[in-house]
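Trainee: First, the structure itself, so that you have it in front of you.
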């Protein structure tokens, strides 16, 4: 607590109720972090990935993981360089447990459907995560970190990026499937090409015509790659994206089965439009741009007016949105004047500036958050490790939880589970490895980072157990993410968290010295 600025209240005043103000301030910092991460940091990372032409897998394992785990990373940096305590390690260990158990539990209960999981993506992430946790146990067992240990953690993360890079070929090798398209670690069985297996390979030769006598001459050279935007810009008709996509897929670049299906979909779309025209329903060019694929047909939807909660000057509609907007208004105003929003066309070129300024604000908000939590823990006599594995862990993982739930509700269970386990790999290997490497190799070469809490070793072992129990639970549940699995992992989280807290409070064995109390 002496590493931070003096608090305006004395310890006795805080114990009489002033600590509530600190709790509110810490909660508000969670909200501020969520806003700056979602609206600015992640948007700038997406632009960086676009400019660097990174594949989705590598982008997800590097920049996207950094986006969702930025609060934990900065909490760890503050723990190593400022407080010299275990708040950062505690946050990452607690956050990892929260991610695996609590987020998967919430997704299972509130997904609103039974979501099927692919064994490969769960196995790949869990296996590498287990390796990371085992390495962490080995390194923190002697209660100190030296330079080569931190370097191994960072190199292991480079290995994880390479695995994501060659994920498709690895999955094909292990599963024995060749013609599956894999995106971001999730097997996407292309419904369009499904059913082509019954044809001989000669039938899938794109140069063979379906109806050669009646088909007009193709306006594209035989070997050219047909781009959707070429067809969208073709005149006279201006097609929307889905419609142009359908027209691309009836060209010679695709197999006969796909071309036949797409032609069928295109006819259904044209008939729908004719029926709408006959009923006097207008289908202007703007609406065509927002066509959506749905159950084998293209449905024209009127564009919804989006409620912009990221602008401090436009009041949203709806009572709940107004309340959210009012609570967030000070942060929104601050970020509006200090960080260019590169999602908007006029600031698009300034994505690097957005990235650095958003990083700066994440650092500031994380500092205030750790400061408040340190004061709360000191006032209530709670060790900083426990504050890390409970309060900070839950607060910093809220954006991850919301993102995974949205994805799970869309039926993409693999992505939800990969996001939770993948961000844990980032937390351990980068969130702990990078601050430790900076301290032992750059700031003070050859120095050691002391781990004050012996109980952390036990907490990390519990973490290893949580992975094993979760994966075995998913396997017993036949790779389905449902309410039953959700309740199982939430109960598991409550039990393991209680064990972690009891270990820190010396219930089973002596791991921590009592906290020193001084009048502040």
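Even glycines carry a Cβ here, placed using N, Cα and C.
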Trainee: Between 100-120, 184-204, 205-225, I'd like to know which one TrEMBL lists as transmembrane segment.
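Mentor: Going through 100-120, 184-204, 205-225 one by one, TrEMBL flags 100-120 as transmembrane segment.
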Trainee: In TrEMBL, one of 18-36, 37-55 is tagged transmembrane segment. Which stretch would that be?
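Mentor: Range annotated as transmembrane segment by TrEMBL: 18-36.
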Trainee: Given a Cβ distance threshold of under 8 angstroms, which distant residues of the chain, six or more beyond its ends, lie next to the transmembrane segment (100-120)?
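Mentor: Hits for the transmembrane segment (100-120): 171, 174-175, 185-187, 394, 397, 400-401, 404-405, 408-409, 411-414, 416-417, 420-421, 424, 466-467, 470, 474, 479-490, 492-493, 496.
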Trainee: Tally of helix, strand and coil residues over the domain 'Sodium/calcium exchanger membrane region' (23-164) according to DSSP?
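Mentor: Secondary-structure composition of the domain 'Sodium/calcium exchanger membrane region' (23-164): 122 helix, 4 strand, 16 coil.
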Trainee: Is the transmembrane segment (485-503) in contact with the transmembrane segment (415-436), using three or more Cβ pairs under 8 angstroms as the rule and ignoring pairs under 6 apart in sequence?
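Mentor: As far as Cβ distances go (cut-off 8 Å, pairs 6 or more apart), the transmembrane segment (415-436) and the transmembrane segment (485-503) do not touch.
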Trainee: Check for me, if you would, whether the transmembrane segment (385-408) reaches the transmembrane segment (485-503) - at least 3 Cβ pairs under 8 Å, residues 6 or more apart in sequence.
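Mentor: Contact confirmed: at least 3 Cβ pairs fall under 8 Å.
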Trainee: Grab the same-chain neighbours of the transmembrane segment (485-503) for me: Cβ-Cβ under 8 Å, and only residues 6 or more beyond its ends, written as numbers and ranges.
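Mentor: Those are 94, 97-98, 100-102, 104-110, 386, 389-390, 455, 458-459, 462, 465-466, 469-470, 473-474, 477, 509, 511, in sequence order.
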